[in-house]
């Protein structure tokens, strides 16, 4: 090969005769052979044959449908009691002006609700409060916090980003600053079964990493909720932030305007048909923005709380894959195409164009 | 060494030449003795605007000071220098709308309007812009290196005291006296002072400037002739006053003042930079223009930055996305304003009444807040616009260009040049070319002539086949052995002497043309491929007409203007001829035993070797007159007196001209010779006819006085008189024979043209050559063939000097065009092919505004188009006409500076880098060293690059829509406040790291079919030319896919993570958890999508796709472990919350599957029921059917070509049709029992 080319070089190189003496240059410019540069790397070139298509769809169906079923079962195992109490806890005479009722600090906002346990609930039973139409994800709200201040006592005066809840009127920094902390949820619940108090364990409801690393053990609330602007709950100034689990839970802002947050755990089993009396302090103002408040008692499964959506979605996708597999099989049986059949090449299909 | 040239006897060529050395009257006057008054009067018009330049010869120092401080000979073609790089390059970057948008967004990101942190806006932008700028810098550096190579060439420059020494080109200054040796380039524009010839003539090759291959004669002033060696320049001084630098190559005005006398200068004394000294041992010259002042540099236009169609379309898509972005932002900010006004006052937890002064969330001024929010939203949804698209495409293109540069199959061993993608902007455009506009000389041909055949006294000699014939025979052979289906029905077109490609079958067509294919024996002698023992080794003596043959050889050896040069190494002679044809003749004569060995002022000496005597006999032929060749006369003659005192006129010229001038009894061989001439023409050879005439002494002397009178005549009609005189003697000729010279095509040109034609490309040839040559080459590369209807457009052959001559000619051309169009319209035979051959003059009219569209539509209807005698400007104009008139992609290919215009004008310019001139290459976008590499460049690289880029862009839009829209949906849940559900860092990494590498690997490595298949199925190329992979249907499909995916990703996540606990421990999902899960889904879905898009997985793709997904998890892990002040809510998110939650994994699986379902259905369905060509071929390859069923494979290969009316295949088809036609008439007479061979004969 090389000889051949060399000979033709002698035969037809350009007319000037100045081609000689360029031998060293030739070698230097010659690209080096490698499979990579010649685009000849070994490659796997899978073909989507009908067999593959049908088996892929079947396989997805086989995997997805059982997952869907298991998820649905898990969801059905969860027992959930939801009590919508915001309107019920307003005295009859105040229903026209709920906001005024809420803002009147003098009124006693205690309210008693009775919950019926429909199914056996094994401990731990989680107690949630659920708010509707509350934009915890609003940009102004989400940004209004300062992680550095929450974490270490030395940064107490670090309130950047906490607008408009940075400092008190006289300029001293608020700890914890920002709208999120300021609007901390402050309804409280206590449970009784018959005459017996059911203890609500409020320890360990927040994320461990938050307690250990994000909310300082030596950071104590300061100047919090002592101005005229009263939003949410007050914090015990003698408890460090890492122990204020309600705050920690609240500070994990929810993604949607409807959200649940963990209030505590009931560590006794509840039997079906038990009645639970809830004494709650209806302090939190959701009335001005027409938000609803719900109290939720729920067990969990391995998949979490009660939600059929996952199972249904899995069943839908799995089901449609089965359907597709069947459809492709039928179509394939009715009108098969031989793979690699040259009659499908464009020049064979429309010879006139070519 | 510089002395060697002097050994040769000095010739005064001006005495021999008749036409080309016509001197202007003043110079003739100067011959008699310089006349001061005349010279002065001539110099009068010079002073004035545009003629202010003063050059002090031999005083370069005078040019270091003002006002004569002209630029040095340093050239620079770089765009930037160290100082201007930053500002200029940055400016260039932000001229892109998308980049400007991101710059604004980055500026705004420091204010509180921005939804993101500044770093998340600035970092990707800096990355993207930085990468692009690095690429710019690299390219500019390459240009710099290229420039420096030229600048550091060396030339001999007078240093003073008559000593010359080497100096770098860039140090040469105006006024320097330089000495240029044979075959060297002129370093600057020079004024010729003297040359190795006594009368100051030199030959110059200007191929780099205008592409003309014939040598030009330049001549110095008489007055500078004494300066003929190094020492004589010791005290040389002169002053030149001349025009200012300008780009006109053919004009020059100025005068030279020497010893207080003034002489006028004209273009024939000027040697231009980048042209080359030929056939002259050395010249001395003085530098007039240097560096950027030289004509060639003045001609250099900045190459326009070209953008491919795909990119232009991509820009349009980006504008559409901008529109969507603005729309979405408007909706969002409207929603925000309404919410802020109506609902926000009741959201006490936001403390709406304590709005800060920025009015960002002020219910009292919802309008203002809305406007602020619009800005926020525009930034927030910016992910719809893929910021990294440009930079990814750039990276991909650079890598693709690297593959082009590294392709060993486009590396030319002869010149040592690999193919080179000089800009990487146009890679994908290579896959969409519709029309190729090609130069001829140096591109299709190598400008080397091979003496191949001759016809003497009516006998044809020469057995070797021209390349055309060889290739045609091969083609027939392969057709025959491969797609021999037609052979079935008892139809036997040809005897089958062998089988398979490359073997040597002897094929006999029914027509009786026999072409023998032998292993092409390498011609041992350059310019001579003649093979016929009847004439060699003196065997001609025993042929029927030895006398005529002798005459034939003598004409070859004597009738020329060449100079022999003794090659000291071999002892043989080489010839310095004006045209390569002449060189070939002399070589042929030498091989036949008539070696031209010496030329003196008056004689030519030929060593004649006869078999009878061992020693050659040296004969002297006295040259009495020489009537040289020019394009108008198309012939050259010499009047000689041989040793016997016999006067002879020997003449060679174009056959038509010679045949017209034959005497009655000189027509003995006319019929046979013209038959042979036709055959030669068909075989693509250049032909000349040879004739002679015996002159009587008296007749000659009468004519000679007449001729001398004409020669010494003054005035404008001198030329006409000379011609008339020549005419008088060049008649009554006796035909001797004809020569056939092969204008050697570059290797593989006909095959390449054939393949390109099969790929559906149209090929136009634009050449500066004359029509005959161009037509010959047309035949040689099968652009023309017998049976094609040739439409020749040329202006009337009348030299009207009347006022409305122009108008008349124009009307004539108009009529010709109309007639031709009419003819094509009325043609009914579907196989009829037309060829348009247009001449430069006619083209001038045809390109005028009112006629050009008519001309174009005619040209488009023709199978091949050849434009001859076109100027560089016309080449560019034709290119523009095709580009704009048809709206299709054009590719121009050429090798010389005359092609620069066309190369720059075309959508893609390709330069041939084999030859020495770099002009074309410098202006081109791609350079290859041989025309034949064009096939691979287009059909393989073009096809791949187009598909890669198209798929890549589509995917880019898909992934950014899928991602960007989820941000928008989330807004609806946050009261349109502009909060993003994802962490800033996720978003930075999305385009830059997490999804970029797989898409780059798609753009770099994807191969739908292997390169062999691309070449075997040229029709696949049409997928690009038809733009099947980047049409709106496909783009919108991908966008819809993106929309669907975004909906799936968002709403499935929202639904699943609704309010309930997502962990066994009862915790509910917060924004960080949902955002991260959603983002995981996106990463998995889009990476799975790209895996489905690819059809070719090397380990690189596999690693990159899986690696991207893995990187995401690793990043999440690392990010979670960083300080909570950095990671915020994402602190230990994966470890503590997401990984332990089965729901997290379940959602990822579900969403990834759901997102890809429609695409999977689409591709499955498409492949099953509507497969595209590459699908079927992939399957054939996959099941190795090509190995099992080779007949099918070769059949499909031969069918997979565009219906073509040019190229060998068409030629063979035409032949077969012709034969079949004959056969059919036979068969139909046998009626009834016709058995038609198996599949339908769609080959035919």
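Cβ from N, Cα, C; glycine included.
Annotated features, as they stand in TrEMBL:
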- B:55-122: domain 'P-type ATPase N-terminal' (DOMAIN)
- B:317-338: transmembrane segment (TRANSMEM)
- B:371-393: transmembrane segment (TRANSMEM)
- B:439, B:440, B:441, B:582, B:629, B:652, B:686, B:767, B:768, B:769, B:869, B:875, B:898, B:899: ATP binding site (BINDING)
- B:439: active site, 4-aspartylphosphate intermediate (ACT_SITE)
- B:439, B:441, B:895, B:899: Mg(2+) binding site (BINDING)
- B:921-1171: domain 'P-type ATPase C-terminal' (DOMAIN)
- B:956-973: transmembrane segment (TRANSMEM)
- B:985-1005: transmembrane segment (TRANSMEM)
- B:1035-1059: transmembrane segment (TRANSMEM)
- B:1071-1092: transmembrane segment (TRANSMEM)
- B:1099-1119: transmembrane segment (TRANSMEM)
- B:1139-1161: transmembrane segment (TRANSMEM)
Fewest-neighbour residue among binding-site residues, criterion Cβ within 10 Å, set B:441, B:898: B:441
Maximum Cβ pairs under 8 Å to the transmembrane segment (B:1071-1092) - stretch from the list B:956-973, B:985-1005, B:1099-1119, B:1139-1161: B:1139-1161
Beyond the flanks of the transmembrane segment (B:985-1005) by at least 6 residues, Cβ under 8 Å: 116, 119-120, 123-124, 127, 383, 386-388, 392-393, 395-396, 399-400, 403, 948-949, 951-952, 955-956, 959-960, 963, 1075-1076, 1079, 1082-1083, 1086-1087, 1090-1091, 1093-1094, 1096, 1098, 1100-1101, 1104-1105, 1107-1108, 1111-1112, 1115, 1119, 1130
Structural state of residue B:899 (Mg(2+) binding site), classified by DSSP into three states: helix
The transmembrane segment (B:956-973) and the transmembrane segment (B:1099-1119) contact flag, 3+ Cβ pairs under 8 angstroms: no
Distal contacts, the transmembrane segment (B:317-338) - CB-CB under 8 A, six or more residues away: 97-98, 101, 366-367, 369-371, 373-374, 376-378, 380-382, 384-385, 389, 953, 957, 960-961, 968, 971-972, 975-978, 1035
Residues of the domain 'P-type ATPase N-terminal' (B:55-122) by DSSP state, where helix covers H, G and I: 34 helix, 3 strand, 31 coil
Cβ neighbour count within 10 Å of residue B:869 (ATP binding site): 21
Collapsed DSSP category at residue B:686 (ATP binding site): strand
Rounded Cα-Cα span from residue B:899 (Mg(2+) binding site) to residue B:439 (ATP binding site), Å: 7
Mean of pLDDT values spanning the domain 'P-type ATPase C-terminal' (B:921-1171): 92
Conformational class of residue B:439 (ATP binding site) under the three-state DSSP mapping: coil
Residue B:895 (Mg(2+) binding site): nearby binding-site residues from B:629, B:686, B:768, B:869, Cα cut-off 10 Å: none
Whole-number Å value for how far residue B:899 (Mg(2+) binding site) lies from residue B:869 (ATP binding site) (Cα to Cα): 13
Densest Cβ neighbourhood among B:439, B:895 (binding-site residues), 10 Å radius: B:895
B:629, B:686, B:768, B:899 as binding-site residues, winner by CB count within 10 A: B:899
Assigned conformation of residue B:629 (ATP binding site) - DSSP reduced to three states: coil
Residue B:768 (ATP binding site) versus residue B:899 (Mg(2+) binding site) - Cα distance in angstrom: 10
